[in-house]
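If you check Swiss-Prot, you get these features:
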type	residues	note
TOPO_DOM	1-66	topological domain 'Extracellular'
REGION	21-25	region 'DNA-binding'
MOD_RES	K23	N6-acetyllysine
TRANSMEM	67-83	transmembrane segment
TOPO_DOM	84-208	topological domain 'Cytoplasmic'
COILED	117-187	coiled coil
COMPBIAS	148-184	compositional bias 'Basic and acidic residues'
MOD_RES	S204	phosphoserine
Amino acid sequence: MVFYFTSSSVNSSAYTIYMGKDKYENEDLIKHGWPEDIWFHVDKLSSAHVYLRLHKGENIEDIPKEVLMDCAHLVKANSIQGCKMNNVNVVYTPWSNLKKTADMDVGQIGFHRQKDVKIVTVEKKVNEILNRLEKTKVERFPDLAAEKECRDREERNEKKAQIQEMKKREKEEMKKKREMDELRSYSSLMKVENMSSNQDGNDSDEFM
């Protein structure tokens, strides 16, 4: 089971936030995450793994402040220890930066690059945020592997279409260049022929 929430910013369209039911489900989320996903977790404490799905073309720097705080509050609220504390640090990083090795426990992860891990602090619990998110909560039983494959297939098709379009433009540009070269060559030839014709005419005048 995966829990889905919707977060909105004043200046942007809605974002999807999701998290697993337990650490075993977190394994599937880690395995089948998307490049657009940002992972959140309470720093140095046990908590839920919360993911924010960015819009295509966005990166971690583009997360609206309101959406960032929604994710941070949701993580804090789903930490047995963190939910009782103030000034809780929440770490977040792109899904692609998560590192999972065979010797790690269920639900445990590391990072490929520590420099790509950011921190946001939740000073205290804000019920208004949690109540708003709770109203958007939906429980689903998704086929994460199938959804990931569908996403990847769409990306491959988009890239294929872009390559085809690029080749088409290159072909058109080459054709245009060839036509221009032929036109210049023809114009140059006509100029030479005209000069030759004029010279022939002058020679004839001299013999008359």
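Glycine too: its Cβ is placed from the backbone N, Cα and C atoms.
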Other parts of the chain folded back onto the transmembrane segment (67-83), taken as Cβ under 8 Å at six or more residues beyond its ends: 5, 7-9, 12, 15, 17, 19, 38, 40-42, 45-48, 50, 52, 90, 92, 120, 122, 125-126, 129-130, 133
DSSP-derived helix, strand and coil totals, residue by residue, for the compositional bias 'Basic and acidic residues' (148-184): 37 helix, 0 strand, 0 coil
The topological domain 'Extracellular' (1-66): DSSP-derived helix, strand, coil residue counts: 14 helix, 27 strand, 25 coil
The topological domain 'Cytoplasmic' (84-208): DSSP-derived helix, strand, coil residue counts: 80 helix, 19 strand, 26 coil
List of residues, in chain order, with Cβ under 8 A from that of K23 (N6-acetyllysine) and at least 6 apart: V106, G107
Taken over the region 'DNA-binding' (21-25), the model's mean pLDDT: 84
